[in-house]
Amino acid sequence: MANRYDPNPFAEEEEVNPFANARGVPPASNSRLSPLPPEPVGFDYGRTVDIPLDRAGTQDLKKKEKELQAKEAELKRREQDLKRKEDAAARAGIVIEVKNWPPFFPLIHHDIANEIPVHLQRLQYVTFATYLGLVLCLFWNIIAVTTAWIKGEGVTIWLLALIYFIAGVPGGYVLWYRPLYRAFRTDSALSFGWFFLFYMLHIAFCVFAAVAPPVVFKGKSLAGILPAIDVLSGQAIVGIFYFIGFAFFCLESVVSIWVIQQVYMYFRGSGKQDQMRREAARGALRAAV
């Protein structure tokens with residue numbers, strides 16, 4: 001039976017180092033070895049490195065830089081000149097018009113919503129519709145006359161139809177649409193006078209084209225009712241094209257008559273008639289002097 005004073009059987013036995021010095025060596029301390037100081041890597045960041053540059057390339061860059069600076073100065077000068085001219089024109093009451101219509105290929109300046117008084121915008125839009133209607137009528141007239149030419153009516157009527165289109169489209173804009181636009185925008189009585197004169201000629205032409213009497217080449221250079229009846233019996237397709245042109249010219253005539261009535265009512269009601277007479281008298285006096 002084990003003695004109650006026997007040592008603990010579970011205690012760790014003392015380790016004996018067989019290589020220990022028999023004479024007794026002081027035990028090693030738990031202190032660790034101090035780390036070695038870091039050695040510098042062989043990169044000298046403070047040293048500058050001379051990279052050989054291409055002097056010719058540097059001179060080209062400097063030359064281009066000077067050219068760019070000169071161009072920039074020239075653009076600034078032009079911008080200042082343009083701003084000065086715009087300011088001078090604004091002080092003088094001159095309106096600088098920027099082409100904005102049609103949107104895909106601007107040819108004219110057209111901004112009814114911002115330049116025409118609100119109570120006149122509807123009438124201006126309808127007048128613009130009559131101008132576009134004239135363009136449509138003359139274009140369809142070319143198509144109808146082309147079919148007649150193909151069917152053997154001769155090339156002369158086609159050339160006349162082309163002349164109507166080339167003269168009528170810009171003529172309508174310059175002679176009566178633009179004067180009314182200017183009259184509504186600037187309240188000019190003389191512009192109203194120009195509009196009335198040439199718009200009445202426009203209405204007369206549309207009525208004449210709708211009838212197309214046999215005055216010039218039996219009237220077949222215009223797609224009216226008389227040539228439509230004439231060619232319908234022998235050439236049905238040509239007759240149909242002429243009847244469509246007749247309908248277009250009739251519609252253009254009716255709407256144009258309504259427009260000139262409305263413009264004249266506004267002209268009389270606003271007292272522009274007396275103003276136009278005074279402006280005409282002053283213009284005649286200046287011309288005489």
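The backbone N, Cα and C atoms fix where each Cβ goes, and this holds for glycine too.
Features of the protein shown, as given by Swiss-Prot:
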- 55-93: coiled coil (COILED)
- Ser34: phosphoserine (MOD_RES)
- 1-45: region 'Disordered' (REGION)
- 1-124: topological domain 'Cytoplasmic' (TOPO_DOM)
- 261-289: topological domain 'Cytoplasmic' (TOPO_DOM)
- 125-145: transmembrane segment (TRANSMEM)
- 157-177: transmembrane segment (TRANSMEM)
- 192-212: transmembrane segment (TRANSMEM)
- 240-260: transmembrane segment (TRANSMEM)
Would you kindly check 125-145, 157-177, 240-260 and say which stretch has the most C-beta pairs under 8 angstroms to the transmembrane segment (192-212)? 240-260
For the transmembrane segment (157-177) against the transmembrane segment (240-260), do we get 3 or more Cβ-Cβ pairs below 8 Å once near-sequence pairs (under 6 apart) are dropped? no
Under 8 Å Cβ-Cβ from the transmembrane segment (240-260), and at least six residues away from its ends along the same chain, one finds 123, 126-127, 129-130, 133-134, 136-137, 140-141, 143-144, 147-148, 196, 199-200, 202-203, 206-207, 209-210, 212, 222-225, 227-228, 231-232
